[in-house]
């Protein structure tokens with residue numbers, strides 16, 4: 001009984017290890033005040049845990065298994081998907097598209113991230129100064145990020161249209177030619193990257209801006225006394241203090257960019273001739289266009305493995321950011 | 001430099017960034033068939049595109065709205081108690097669960113869709129509202145748990161205890177004390193969950209095989225495959241699909257800033 005009284009009087013005390021062991025035999029841990037509290041919280045947690053297991057845990061495990069199975073259209077009627085060992089992995093990695101897909105994914109991710117971050121940081125630094133309507137303008141910048149991605153894809157598809165797009169009308173008017181932004185194999189990937197940069201800038205601006213706001217103004221005043229202003233202030237004050245946020249922004253950016261699918265499907269569908277095909281879009285094509293779910297899963301698993309590397313980096317970065 | 005110069009340059013940045021959004025609206029108010037010579041500024045407003053868009057996509061818009069609202073309700077009902085429990089429980093398993101939630105946000109949607117397709121196929125959940133609502137909630141639930149936990153953790157435990165002393169049960173204390181003081185966090189989580197579901201394209205594309213359940217994002221995509229000539233209708237549909245984002249930006253700006261910041265960094 002003393003345990004109970006103590007528990008309810010001091011709710012912030014560390015949990016009692018095994019209250020049942022100290023009490024007389026028939027009293028179980030869930031009979032104590034603290035134990036009931038715990039049980040209550042566990043019940044609160046249960047639906048979410050079940051959901052996460054069903055909609056994230058199960059798909060990941062199932063996808064791993066599917067990567068080793070042979071799927072055909074018939075599979076969805078008979079339910080039979082025979083074990084195929086590493087065949088799917090051998091098939092996807094030896095296919096002619098694979099190296100192209102890997103290269104595209106790397107180029108798409110690296111170029112998008114570097115440009116998004118660079119431009120995002122520049123805009124965040126600009127909007128750091130105080131001027132009339134600054135807050136309103138910064139808020140408006142968010143719009144591209146809030147609009148459904150497939151909408152942005154559709155709009156850009158029309159802007160970049162070779163014959164009727166507004167971009168080529170402008171370029172043609174200036175006598176600079178009318179390139180097929182989305183239909184030329186040498187330009188499609190570049191166009192997709194450009195649109196993805198546009199799409200990612202708001203996210204970078206918001207996170208970097210809130211990171212910048214956390215840097216105390218006094219530090220700049222102190223730095224100014226030491227003669228560090230402008231570029232030197234950025235080099236010695238802003239950048240070192242922004243570093244934890246920068247790491248998080250970059251790693252999150254990579255993980256999100258690897259997953260991009262809507263945008264590419266809306267703009268080019270991965271074409272022409274796989275010129276803008278990435279791991280994510282190719283996985284979609286294999287599963288839902290050619291109905292080879294085994295190969296689609298294998299490619300999806302490769303995508304997960306790449307993401308996982310960056311996810312681990314994120315955790316390390318996040319932990320450091322929390323520690324500091 | 002004068003502050004007004006800063007404002008002017010800032011406005012220029014925003015103008016460049018928002019040009020595609022402007023162009024979408026501009027094309028949407030052009031008369032049909034004139035999209036080849038779209039003027040830079042609409043000289044007169046034509047709403048033929050919107051009339052056609054409502055005719056083609058009215059049902060799809062309604063489907064999107066239904067799915068998104070249901071997904072918000074489901075996500076909040078599942079995520080809020082979990083977030084509260086994760087904020088209150090003292091156990092090393094809490095960090096394990098949080099880690100799992102962080103990782104879940106990194107799983108590519110195509111992987112989830114790949115596995116869900118065969119599961120849904122066996123359960124007969126393809127082309128069903130319920131199936132799409134559950135799948136769409138994958139966008140919102142992890143996010144909602146993370147931002148709600150950050151907020152619910154800050155609700156003083158003494159508030160709950162006071163209610164308990166007054167004789168309220170645990171559930172009642174949660175519903176009548178914790179939820180009301182967390183209103184802003186719940187609104188933020190709800191708004192984002194709505195937007196995530198509304199924007200969903202991947203699950204609509206992969207988990208439907210017929211016209212029965214068709215959100216507007218998928219309707220828009222199908223215009224692209226059909227080589228339409230009336231881009232004013234396409235852009236009117238795109239504009240209608242962007243209305244939730246616009247409303248959110250205009251009406252709930254402070255919630256958005258809170259959501260973008262906390263969800264990604266916590």
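Backbone N, Cα and C atoms are what each Cβ position is placed from, and that goes for glycine too.
The feature domain 'ABC transmembrane type-1' is assigned by TrEMBL to A:102-314.
Summarising the annotation, TrEMBL assigns transmembrane segment to A:39-61 (among others).
Residues or ranges marked as transmembrane segment in TrEMBL: A:106-127 (among others). If you look at the transmembrane segment (A:106-127), the same-chain residues 6 or more away from its ends with a CB under 8 A from one of its CBs are 134, 137-138, 141, 189, 192-193, 196-197, 200-205, 208-209, 211-212, 234, 238, 246, 249-250, 253-254, 257-258, 260, 276, 278.
What TrEMBL lists as transmembrane segment is A:139-159 (among others).
The transmembrane segment annotation in TrEMBL covers A:187-208 (among others). Within the chain, the transmembrane segment (A:187-208) has long-range Cβ neighbours (under 8 A, six or more residues past its boundaries) at 104, 107-108, 111-113, 115-117, 119-121, 123-124, 127, 138, 141-145, 149, 152-153, 156, 160, 179-181, 242, 245-246, 248-249, 253, 256-257, 260, 263-264, 267-268, 271-272, 275-276.
Remote same-chain residues near the transmembrane segment (A:241-258) are listed as 105, 108-109, 112-113, 116-117, 120, 196, 200, 203-204, 207-208, 210-212, 214-215, 219, 279-280, 303, 306-307, 310-311, 313-314, 317-318, 320-321, 324 (criterion: CB distance under 8 Å, separation of at least six residues from the stretch ends). Marked as transmembrane segment by TrEMBL: A:241-258 (among others).
Remote same-chain residues near the transmembrane segment (A:293-315) are listed as 60, 63-64, 66-71, 75, 81, 84, 87-89, 91-92, 105, 248, 251-252, 254-255, 258-259, 279-280, 282-287 (criterion: CB distance under 8 Å, separation of at least six residues from the stretch ends). According to TrEMBL, the transmembrane segment annotation covers A:293-315 (among others).
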